[in-house]
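Trainee: Feature table excerpt (TrEMBL):
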TRANSMEM  12-32  transmembrane segment
DOMAIN    34-126  domain 'Apple'
DOMAIN    136-220  domain 'Apple'
DOMAIN    227-311  domain 'Apple'
DOMAIN    321-398  domain 'Apple'
DOMAIN    407-465  domain 'ZP'
Amino acid sequence: MLFIQNIYLNKFLIFSSIIYLIYLNNCVYSIFECAPQETATFVRISRARLDGTPLVVSTAGHDLTCSQYCRNNIEPTTGAQRLCASFNFDGRETCYFFDDAAAPSAGQAELNPNPSANNFYYEKTCLPAVNAHEACTYRSFSFERIRKTSLEGFVKKSIQVASREQCLSACLKEKEFICRSVNYNYDTYACEMSIEDRRSKPTHLRMTVDQPVDYFDNNCLNRQNRCSQQGGNLVFVKTTQFEIKYYDHTQSVEPQESNCLQKCLDSLNTFCRSVEFSPNEKNCIVSDEDTFSRADQQGAVQNKDYYEPICVSADLSSSTCRQQAAFNRFIGVSIEGQPVATAQGVTIADCVSLCFQNLNCKSLNFDRTQSTCHIFAVGQANANVKKNPSVDFYEFNCESQFGGMALCTNEGIRFIVNTKEPYTGAIYAAEKFSTCSQVVENAKQISITFPPPNISPNCGTTIKV
């Protein structure tokens, strides 16, 4: 009788174990299967790798193909349905697919404590109340996550949410401004959205050792909104015989440099942060990495030129570039002489914008360690350059017929316009010529002040809080 009871007990335990495994499997499946009102996308962590044995290893070509397989739970080798929760990418062509994700936010697996620089981890995420286009599922990931980090001092909007996914969705759905990045607090559920990011304000990125906060870059920006709410202007900076190492992305064969740069501007599947072109092989590589994110993975190379698009806050309608790139960059050297303008605490984008606004600008020095910009009225043809490891020298390849700046004064906003040739005419506020204009004759500099509305309504100025 005891023997029979033990048999029944063993059968019960086996049956219970099967039920438990089925329950666990269903729980895992439910985590990484998005609901009808959600969109499956990916959050990427650079220099990260999930530990464990992958279910499938595939040389799919690049991360975009891998993300499509994982998003749709398709095994790359057979086309069969197989649960995919995350994948590792080696930066070149190989992906490692998993049915689990990293703890504690998504799964039970662990991230490797010592990943290599060319490791990328992609985690499937279900974003509520956004469609596939808003979540840019045509790209391999929607957000880049920087762990235990926040961008301080530039919170445009702060909201309370129920989850990290709701925070990311709110950024994508924001209509009042372009949400470029978010800070998310896992304890307080605070979601802080910003019009700045780690590239535009690199000195304001802070480690959050005392609070469970992560920083996220919005990877769904496009050519129209990547620079500003109105569209902005992009120019290219060229570094000859230079590349980002160990990372290849979207490749194509293009007949010449201009076609390759246009490929970057028109890129939909990749948020183009850099492009490389081989003049001999005609090989064009569009990448979502740049010298900011791969500071330790870059260097000299033969027969390949490197380009980075930079947003400039200047009117380029009167600028004509003699070459495809607006600037040539020379790393680790500086030009000697007396600068005509200087700015401190700026980014290279600010420095480039300052050059566009100054009609005398022929070159600039940018100190990477001090974030200092010096504008010069001469180029290397008329001045000496010397080695300087903390400084990069940029030579301007464009000419401007107009330049200018805006200054905040006690009387209001003062606009100063400089012209290359003497100008006869007027400048005025839009639709306010009769009450707000300045007429000049044969002048190379024109200035006009727009007073605040509480002093005078003549120029149509308004104050927005």
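Quick reminder: no glycine exception, Cβ is built from N, Cα and C everywhere.
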Trainee: Over the domain 'Apple' (227-311), what is the model's mean pLDDT?
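Mentor: A mean pLDDT of 89 is what the predicted model shows over the domain 'Apple' (227-311).
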Trainee: Run through the domain 'Apple' (34-126) and tell me, per DSSP, how many residues are helix, strand and coil.
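Mentor: Split into helix, strand and coil, the domain 'Apple' (34-126) gives 9 helix, 33 strand, 51 coil.
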Trainee: With helix taken as DSSP H, G or I, strand as E or B and everything else coil, how many residues of the domain 'ZP' (407-465) land in each class?
Mentor: 0 helix, 34 strand, 25 coil
